[in-house]
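Read the structure below first, then the notes.
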Amino acid sequence: MNYLFKNGRYLNEEGTIVATDLLVQDGKIAKIAKNISAENAEVIDVNGKLIAPGLVDVHVHLREPGGEHKETIETGTLAAAKGGFTTICAMPNTRPVPDSKEHMEDLQKRIQEKAHVNVLPYGAITVRQAGSEMTDFETLKELGAFAFTDDGVGVQDASMMLAAMKRAAKLNMAVVAHCEENTLINKGCVHEGKFSEKHGLNGIPSVCESVHIARDILLAEAADCHYHVCHVSTKGSVRVIRDAKRAGIKVTAEVTPHHLVLCEDDIPSVDPNFKMNPPLRGREDQEALIEGLLDGTIDIIATDHAPHTAEEKAQGIERAPFGITGFETAFPLLYTNLVKKGIITLEQLIQFLTEKPADTFGLETGRLKEGRAADITILDLEQEEKIDPTTFLSKGKNTPFAGWKCQGWPVMTLVGGKIVWQKESALV
């Protein structure tokens with residue numbers, strides 16, 4: 001099916017939002033201009049809505065294989081489509097781990113059969129993510145590994161991490177890291193700060209993250225490797241990454257919507273839906289993350305979509321698993337709490353969720369360009385509604401944002417020119 005989107009707006013190559021029509025033919029963007037006419041195309045009047053590149057999320061947990069009670073490739077990618085994401089990068093903490101030819105081939109087969117959006121799988125750095133035996137990077141790359149990570153745990157052995165970085169550098173691939181020094185975790189379930197002290201809980205100190213990042217940055221410099229830091233959460237981490245960039249080290253970083261929007265002061269009670277890793281930090285950490293995003297220290301926004309069952313989250317804050325679901329709330333949360341409040345511009349938000357993650361990892365997506373695959377999201381910036389987990393397409397309903405009133409919602413998502421999700425009556 002060919003589509004002609006009329007009376008829209010889009011972010012042009014100069015970084016300005018302007019009026020446009022957009023023609024999709026044979027799965028690709030055929031033309032971007034005003035007053036397009038075309039035969040054999042279904043005309044869709046978007047009535048001033050924003051025609052955006054499909055959003056790109058480089059940090060997601062789809063749980064399949066092994067955790068299908070939490071999420072599946074099918075439900076997770078439907079949730080991604082509803083959230084406006086057309087390309088997502090799946091972390092390897094599944095069972096089995098994509099750490100071998102057999103396991104990666106099985107994962108790719110599942111993706112091909114079940115995914116509603118583009119899914120790029122990470123390859124594990126170590127076998128079973130156990131930290132002791134390196135995987136075959138060359139084979140995993142040949143089978144489509146997006147990059148290498150043991151996300152969910154930090155690689156504790158410095159010699160292992162250095163060897164992994166050297167091997168990845170030879171393959172022109174990135175090493176992506178969840179940064180925690182295990183000896184400093186302290187069996188924590190929240191940030192070591194006011195909230196942990198008030199409720200008598202073990203806390204995870206900020207230095208647990210920043211010291212691991214500092215180590216890895218020096219290793220990356222020695223290996224001349226592209227090193228990407230997952231879900232940065234502390235002021236100290238931002239400072240370390242900023243200094244590394246100034247020194248010319250090839251480091252990039254991401255931050256989550258929840259760390260930009262919340263801090264420990266916003267946790268209302270010992271609610272496990274506010275339990276994530278890294279935890280919500282102090283107010284000054286939150287402010288440093290926003291500053292780092294604005295000055296280029298932090299490159300992109302990624303959701304760290306981490307679905308769990310209601311039963312798992314009901315175990316209490318100390319026993320419940322870390323993580324919150326993120327696909328279906330990311331854009332409206334960020335638009336409402338950052339753009340509408342004047343903290344960042346709409347143009348910046350679109351870039352942090354599209355072209356910047358694509359550029360960081362060399363992906364040919366993230367921009368609306370003639371001739372490229374028609375991965376597109378239509379956004380209604382005027383629409384306002386409350387976040388309701390019962391409407392999530394994800395199996396995971398675990399969110400701290402239930403009941404939040406947000407503005408700016410995806411209403412249609414196309415992948416390769418095919419409509420994979422549409423809000424009922426959104427464009428009527």
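The backbone N, Cα and C atoms fix where each Cβ goes, and this holds for glycine too.
For reference, Swiss-Prot has these:
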BINDING   His59, His61, Asp151, Asp304  Zn(2+) 1 binding site
BINDING   His61, Leu62, Arg63, Asn93, Asn277, His308, Phe322, Gly323  substrate binding site
BINDING   Asp151, His178, His231  Zn(2+) 2 binding site
ACT_SITE  Asp304  active site
Among residues His61, Leu62, Arg63, Asn93, Asn277, His308, Phe322, Gly323 annotated as binding substrate, what is the maximum Cα-Cα distance? Answer in Å. 17
With an 8 Å cut-off on Cβ distance to the His59, His61, Asp151, Asp304 Cβ center, who else from the chain surrounds the Zn(2+) 1 site? Val60, Met91, Gly152, His178, Cys230, His231, Ala302, Thr303, His305, Ala306
Under 8 Å by Cβ from Arg63 (substrate binding site), counting only residues of that chain that are 6 or more apart: Lys70, Glu71, Thr72, Gly76, Thr94, Pro307
His59 (Zn(2+) 1 binding site) falls, by three-state DSSP, under strand
Ten-angstrom check, please: count other Cβ atoms within 10 Å of the Cβ of His178 (Zn(2+) 2 binding site), all chains counted. 22
At the level of the C-alpha atoms, what whole-angstrom distance separates Asn277 (substrate binding site) and His231 (Zn(2+) 2 binding site)? 9
Cα-to-Cα gap, His61 (Zn(2+) 1 binding site) vs His231 (Zn(2+) 2 binding site), nearest whole Å: 13
Among His59, His231, the binding-site residues in question, whose Cβ has the most other Cβ atoms within 10 Å in this structure? His59
Within the chain of Leu62 (substrate binding site), which residues six or more apart in sequence place their C-beta under 8 angstroms from its C-beta? Glu71, Thr72, Ile73, Gly76, Thr77, Ile88, Ala90, Thr94, Val119
